[in-house]
Structure formats: C-alpha cells, structure tokens
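Undergrad: The structure under discussion is supplied below as structure tokens; questions concerning it will follow.
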C-alpha cells in the first residue's frame with residue numbers, strides 16, 4: 001500500500017504560512033528596533049565617534065556636553081570644517097618651523113631607528129609609536145635640546161643610562177613597552193615634568209634616585225606590578241596627578257600626605273582594604289578613584305558631599321577570558337586590554353571633571369564580545 005496523502009484546502013496551508021511569515025517579519029522588526037535602542041549599540045556608536053574625533057584632534061569639550069555625546073555626522077563635519085579653516089588661517093611657515101625640531105616615526109616595519117637620526121641633534125621632540133623598535137641608542141645623549149620623548153606602544157625593553165644627560169627633558173612617555181626597570185640616571189633630568197611608564201606589565205619598582213625630580217607634576221605607573229607606592233614618588237613634592245591603578249597594592253603608606261600638591265589620585269584595580277586617615281591631609285585632592293571590591297575601611301570625610309573631592313568607588317566584575325596556549329598571545333592580549341581600559345577610564349574621568357557631582361556608585365563591567 002502506498003503512502004496515504006491527505007489533501008487539505010490549499011488556502012488553509014497558505015494562510016498558515018502567511019501568518020508565520022508575518023510573525024517572523026514582525027519579530028525581525030522588533031529585533032532591529034531592540035538593537036537600535038540597545039545600550040551596547042549606543043556604546044559602540046559613541047566609542048567609534050569618540051575615536052574618530054580623537055583621530056582628527058577634536059577636543060572632547062566640543063562634542064561632549066554634560067556627560068552626553070552628540071554623535072551626529074553633521075556636528076563632526078562642522079567641527080572638521082572649522083578645524084580646517086583655523087589651520088588654513090595659520091601662517092604657512094609656522095608648521096615648517098616646528099617640524100624642523102620634531103621627529104616622528106610610526107609603523108611595524110620599523111625595527112630600529114634610522115642611522116641618519118644621530119646627525120639631527122638639533123631635534124627637541126621625538127614621537128615614536130607602534131613600531132617594533134626594542135632599543136633606544138646611547139647616542140641619545142647628543143640631543144641636548146630634547147624636550148619631549150614620546151615613545152608609547154613600541155617594544156622597548158631597555159632605556160640607556162645616557163638618558164640622564166638630557167637636562168632639558170620635560171616629558172618622558174614610555175608607556176606600553178616591555179620595560180622591567182628604569183635607569184637611576186633618569187633622576188638627573190631635573191627639569192622633567194611628566195613621567196609615563198604605564199602598561200609595561202612587568203615593572204615592579206622605580207629607582208630612589210628619581211626623588212630628585214622635584215618639578216614632576218604627572219606620574220602614571222598604572223598596569224604594572226608595583227606592590228607599594230615607590231618612595232621616590234612620595235618625594236616628588238610638586239606631584240599633582242598620580243595613577244597607580246592596576247597594580248598589586250594592598251595598602252598605602254601612612255605618609256601619603258607628603259604629596260601636598262596632589263589633585264588626582266587613581267588607585268582602582270588594586271586590592272586595597274583600607275585608606276589611611278592621612279588621606280584627609282591632602283587638602284588639594286579633587287579626584288580619588290578606587291576599587292570598592294576589597295575596601296572595608298576609609299575615612300568617612302572622604303565621602304562628604306560638602307568637600308570638593310570627587311570620590312569614585314568602582315565595583316569591578318571581570319568576565320574571565322579564554323586562556324590562550326601561547327604565553328606571548330596572553331601577554332599581548334593583556335597589554336591590549338589594559339590599554340583599552342585606560343582609554344575608557346580616561347574618557348570617564350574627563351567626563352567627571354565636567355560634572356558637578358559623581359554618581360553615588362559606579363559599576364564597571366569588563367566584557368569581551370563582537371559588536
């Protein structure tokens with residue numbers, strides 16, 4: 001006996017499938033609307049916009065008002081046109097005069113500095129980033145007019161002692177490299193004002209000789225392996241900004257109030273259980289960012305709304321990422337994550353500065369997904 005075929009009215013079957021199709025289309029429409037309204041989509045849009053503005057050198061204050069970002073394309077075009085107009089109105093020889101004293105290098109095809117550089121000892125500023133350069137040559141001591149050494153995101157594993165010969169150096173940025181130590185001779189750069197050693201991951205201490213740097217106002221040693229605030233940092237009497245986040249701190253020194261000029265103190269992503277009462281003596285402190293996961297004791301006056309201090313306690317809830325088998329890949333992934341975290345916090349802190357008050361609490365959630 002063959003298969004028994006039951007024939008229904010075809011119009012009934014068609015109506016059934018048309019209903020299913022309509023429901024599916026309605027679901028698709030709702031899903032599109034949900035994604036458009038999704039916070040993740042909004043975050044993605046805003047961060048892409050912020051990245052584009054930063055790439056074009058547009059100040060945050062222009063596109064961020066009261067904590068909200070205007071992501072309209074018209075605004076971006078308008079800002080870009082105004083920027084180009086201002087640039088075109090500048091004297092034509094201004095850029096040429098400045099570039100004659102500036103050296104710039106970027107790109108992974110660079111594994112060492114060009115030989116011709118040693119002949120250009122008149123240079124005052126170096127901007128070298130995203131290269132595979134591992135060594136800064138000793139002939140750097142010849143650049144006596146050097147003011148700025150901006151060397152982030154390379155593969156520098158060693159700084160020569162000769163860097164101490166740069167008596168006019170004001171800014172040193174060696175963030176997100178592979179440094180495990182800083183030469184004591186850097187303490188001879190008595191005019192240094194900014195020091196950024198963030199994101200080297202393996203850096204554990206700073207030499208005591210850096211105590212001589214009395215003009216330093218900015219120190220960033222975040223994303224390393226410091227177990228305590230370096231003694232030399234406590235002796236930088238003009239320090240205004242200290243970022244020691246993402247390290248291994250479990251406590252702060254009782255004499256932290258030596259930093260009388262300190263205005264911004266970033267301590268989040270450590271394992272601090274308490275804050276010393278000497279923190280109350282930092283009369284100029286206006287921003288304090290900590291991780292509240294382990295914090296159980298702190299001076300209540302720090303949270304007093306009548307003070308100008310903005311106290312931010314982050315609750316960090318990381319989602320474990322899948323571990324790579326290759327140790328180098330793990331290290332690179334950690335370096336990239338730390339860099340991204342810093343960019344997020346930088347934008348958040350810039351926004352905080354424009355607010356009259358901070359949220360009563362903030363939860364920072366780390367996650368990894370494809371947007």
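Note: Cβ is positioned from N, Cα and C throughout, glycine not excepted.
According to Swiss-Prot, the protein carries these features:
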| type | residues | note |
| --- | --- | --- |
| REPEAT | 122-143 | repeat 'LRR 1' |
| REPEAT | 145-166 | repeat 'LRR 2' |
| REPEAT | 168-189 | repeat 'LRR 3' |
| REPEAT | 191-214 | repeat 'LRR 4' |
| REPEAT | 215-235 | repeat 'LRR 5' |
| REPEAT | 238-260 | repeat 'LRR 6' |
| REPEAT | 261-283 | repeat 'LRR 7' |
| REPEAT | 284-305 | repeat 'LRR 8' |
| REPEAT | 308-329 | repeat 'LRR 9' |
Undergrad: Apart from its near flanks, which chain residues at least 6 from the ends of the repeat 'LRR 1' (122-143) lie with a Cβ under 8 angstroms of it?
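TA: Contacts of the repeat 'LRR 1' (122-143) (Cβ under 8 Å, skipping residues fewer than 6 from its ends): 100-113, 149-160, 162-163, 165-166, 178.
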Undergrad: Who are the chain neighbours of the repeat 'LRR 2' (145-166) in space, where the CB to CB distance is under 8 Å and they lie at least 6 residues beyond its ends?
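TA: Residues packing against the repeat 'LRR 2' (145-166) from afar: 101, 121-139, 172-180, 182-189, 196, 339.
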Undergrad: Can you work out which residues elsewhere in the same chain, 6+ from the ends of the repeat 'LRR 5' (215-235), have a Cβ less than 8 Å from its Cβ atoms?
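TA: Result: 175, 187, 190-209, 241-253, 255-256, 258-259, 261, 266, 338, 341-342.
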Undergrad: State the residues, same chain only, that lie 6 or more residues beyond the ends of the repeat 'LRR 4' (191-214) and have a CB under 8 A from a CB inside it; answer 'none' if no residue qualifies.
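TA: Here the qualifying positions are 152, 167-185, 220-227, 230-233, 235-238, 243, 331, 334-335, 338-339, 342.
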Undergrad: Count up the helix, strand and coil residues in the repeat 'LRR 2' (145-166) according to DSSP, in that order.
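TA: Here the numbers are 5 helix, 4 strand, 13 coil.
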Undergrad: Looking only at the repeat 'LRR 1' (122-143), how are its residues distributed among DSSP helix, strand and coil?
TA: 5 helix, 6 strand, 11 coil
Undergrad: Helix, strand, coil: count each for the residues of the repeat 'LRR 6' (238-260), based on DSSP.
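TA: DSSP classes over the repeat 'LRR 6' (238-260) add up to 5 helix, 3 strand, 15 coil.
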Undergrad: So how many of the residues in the repeat 'LRR 4' (191-214) end up helix, strand or coil by DSSP?
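TA: Final tally across the stretch: 5 helix, 3 strand, 16 coil.
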